[in-house]
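Below is one structure; the comments refer to it alone.
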Amino acid sequence: MTDRYAVFGHPVAHSKSPQIHATFGRQEGIAVDYRAIDLAPEAFLAGLEAFAADGGVGANVTSPHKEAAFSVCTTLTARARRAGSVNTLLRKGDRWHGDTTDGIGLVRDLTDRHGLDLRGRRMLLIGAGGSARSVAPALLDAGITELVVVNRTPERADELIDAMGEPGRAISRYWEDLRDLGDFELIVNATSAGRDRDIEFKLPLSLVNSMTTAVDLNYGEAAIAFLAWARAAECRNTVDGLGMLVEQAAESFLQWHGVRPQTDEVYQSLRQGSAVLAGED
């Protein structure tokens, strides 16, 4: 039976992951069978087991399944356990091993590709779902001075902060208090609100200072609304999630195939191959 790989999400037709892993496979001379599988939340667990029965040995997991994927894993990396979220699955025998590579992917993109020094920065994280949980630990480890999390459901923000285990550096605040939080050198949108094409981000301009970098973990059309606000607010840098996607994919590829591929080729190919993506940097 041929080893199979996939990305699970809902929706997932827009995903660039199959193209990315096909390119990585060609670079490394490895035949890769990787496809996108759309599963509604209530169908995820059964769909994942059907995938395993059909030769599935590795998978990426995107919204809204990252926390559900965490729950099915028998073993977890330390960073996945801390995040309470999984985006990379590896089949070991008849069980799943889980990791989260989003955080290290984001840090690699911001530091290596965009030349940012994250040390000493005050950061605002918007959202507290699986995507937010997957990047928060790595950003703290990269030297963020203070992490402030806001979410429309404050209990979710509190849960994320508790999971970080760093009460002196990571705090939650109410959405209604955004105007009173001061300014930040890094603002990260980890919500999926931008997938609603009619959405308009209306965040206080007081969040921005002369050094602010605004990052949307989404890419393509889903990142347009937040990054439009960031440009209007005159953020110094605006970054979408394409680079993070490529870097986290390379980390997943390493776990599945034992080699970490070079990422610049596929990043530039994706960036130049789409009119929407071409304007994001």
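Glycine is no exception: its Cβ is also placed from the backbone N, Cα and C atoms.
Swiss-Prot annotates Gly127, Ala128, Gly129, Gly130, Ser131, Asn151, Arg152, Thr153, Pro154, Glu155, Arg156, Gly241 as NADP(+)-binding residues; of Leu106, Leu178, Leu217, the candidate listed for that same site is Leu217.
Per Swiss-Prot, the shikimate site holds Ser15, Lys16, Ser17, Thr62, Asp102, Tyr219; the candidate it also names there, chosen from Asn87, Asn237, is Asn87. One way to see the shell of the shikimate site is to take the Cβ centroid of Ser15, Lys16, Ser17, Thr62, Asn87, Asp102, Tyr219; the remaining same-chain residues with a Cβ within 8 Å of it are Val7, Gly9, Asn60, Gly241, Leu245, Gln248, Ala249. Neighbour counts of Cβ atoms within 10 Å were compared across the binding-site residues Ser15, Ser17; the minimum falls on Ser15.
Counted over every protein chain shown, other Cβ atoms within 10 Å are most numerous around Gly241 among the binding-site residues Gly129, Pro154, Gly241. Counting only the Cα atoms, the space from Thr62 (shikimate binding site) to Ser131 (NADP(+) binding site) is about 8 angstrom. Among the binding-site residues listed (Ser131, Arg152, Gly241), Ser131 has its Cα nearest to the Cα of Asp102 (shikimate binding site). Cβ neighbours within 10 Å of Lys66 (active site, proton acceptor), excluding its own Cβ and spanning all shown chains: 27.
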